[in-house]
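Straight from TrEMBL, the features:
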{"type": "ACT_SITE", "residues": "Glu166", "note": "active site, proton donor"}
{"type": "ACT_SITE", "residues": "Glu362", "note": "active site, nucleophile"}
{"type": "BINDING", "residues": "Gln20, His121, Asn165, Tyr296, Trp414, Glu421, Trp422", "note": "substrate binding site"}
Amino acid sequence: MSELRFPDNFLWGAATAAYQIEGAAREDGRGPSIWDTFSRTPGKVHQGQTGDVACDHYHRYAEDVALMAELGLRAYRFSIAWPRVQPDGTGPVNPRGLDFYDRLVDALLERGIDPIVTLYHWDLPQTLGDRGGWTNRETAEHFATYATAAYARLGDRVDVWTTLNEPWCSAYLGYGSGVHAPGEQDAAAAFTAVHHLLLGHGLAARALRAAGARTVGITLNPADVRPADESSAADAAAVRLVDGLHNRIFLDPLLAGGYPEDVLEHLSRIVEPTFVRDGDEKLIAAPIDLLGINYYQPTYVAGRPDGGGGGGAYPGTDGAVEFLPPVGPLTDMGWMVEPAGLTRLLERIATDYPGVPLLITENGAAYPDKAGADSPDGPGQVADTDRIAYLEGHLRAAHEAISRGVDLRGYLVWSLLDNFEWAEGYRRRFGIVHVNYLTQRRTPKASARWYQEVISRNGL
Ligand code: FCB
């Protein structure tokens, strides 16, 4: 294959999230989050695993930053745990919680790595969860207060501030299918949460700007929704419905001024959207400087009156849509590998919502890697050629989008480290660095060395 070069200043990096790596769940005044509660609820997470210790990054951040520097990362996306900053979600700021991020940011800057902050990667303070979580409008207001506190401490050194990670998951998996915290199964609650998450973004973005933030954005996981049969009108209608529920319900209010009519009509059959108040849409639509895109696999759908729909994650699609099972070869998550989906998605967003720079804030794959003495690849070796193939395919797809004119600023691999993969616990390994959870030993996989090369050559 031909050599590919990425634009100068293309931002190469890696991403993680607080609850997935930090551990130290009760240290330095951190309050409980809905994920602490959820992971302790029997049957919710694989083998009852929790983020109590995770990768112990809270104590090992210096070692982890040294590793990032060794790999040549230019950017590192991490999330701040709201319950470290405000243990109850409201009220006084806990300075010891912010001290950790202060140390982390300084360590990154010393190594020339740009910090990219996510303010919310799903670990809502439990006290706010008890008051209805994202179904309560007040949560959006509290989120802006928390954002202001985080900015006040780190804004002098952190340039890039993103509000939410994948509000689709927070709303539909948290309140619709119940696969994520807080584990509710209530379609009306899911739609209510969608709006309050977007409102939280809008309020926080406004507060960050008022405080002086230069680059403000949000990360979504838009789906590349495809028809089972390109020539079927029924399948095209299914694509339109699913695209509305997954993509346009977020993208339109953020980047096109308000909710799409067809989506409002659909959700009105489930809940009267009285939670959308005058002025909300204007606030949510305030311009952003960056849109983060997380992409893993495409979504194939067919229009069928007997279709089972997407369950709680796609309220109201039963009896209208069939979600096709992914076809192999699959990753260890059971996800499809289709790099062309990334090109399509980036182009579509750039076309339909022009003018916003894009950043791939997550892309990567889980494979069942083993390191250590018993590694099939030799002691202490992880020859993850399947991950390298996944990453290479998706980088080529990203490059293709750039060559078609998409303003793509960078690529952050998910993830730096193997970590707590939510409901799947520790059994799914997404890291380019292997973590032995008994010893906390980090072992860069072959993919880490490969990525290091890609970064140093600025291409493939
Ligand atoms: C995304 C999440 C991230 C990680 C990857 C695999 O949905 O943002 O935390 O779990 O999936």
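In case you wondered, yes, glycine gets a Cβ from its N, Cα and C as well.
TrEMBL does not curate its annotations; it predicts them automatically.
Keep in mind that what you see is a predicted model, and the values were worked out from it rather than measured.
Here the candidates are the binding-site residues Gln20, His121, Trp414, Trp422, and by Cα distance the one nearest Glu166 (active site, proton donor) turns out to be His121. Within 10 Å of the C-beta of Glu362 (active site, nucleophile) there are 24 other C-beta atoms, taking all protein chains into account. In terms of local Cβ density within 10 Å, Glu166 ranks first among the recorded positions Glu166, Glu421. Trp422 (substrate binding site) sits 15 Å from Glu362 (active site, nucleophile), taking the C-alpha atoms as the reference points.
Rounded to a whole number, the distance between the Cα atoms of Glu362 (active site, nucleophile) and His121 (substrate binding site) is 13 Å. Reduced to three states, the DSSP call for Asn165 (substrate binding site) is strand. Report note: the substrate site is defined by Gln20, His121, Asn165, Tyr296, Trp414, Glu421, Trp422, and the residues of the same chain whose CB lies within 8 Å of the CB centroid of those residues, excluding them, are Ala17, Glu166, Glu362, Ser415, Asn419, Phe430. The two recorded residues the residue listed as 'active site, nucleophile' and Trp414 (substrate binding site) have their Cα atoms spaced 5 Å from each other. For the recorded site, Trp414 (substrate binding site), the DSSP three-state label reads strand. Classification of Gln20 (substrate binding site) by DSSP places it within a helix.
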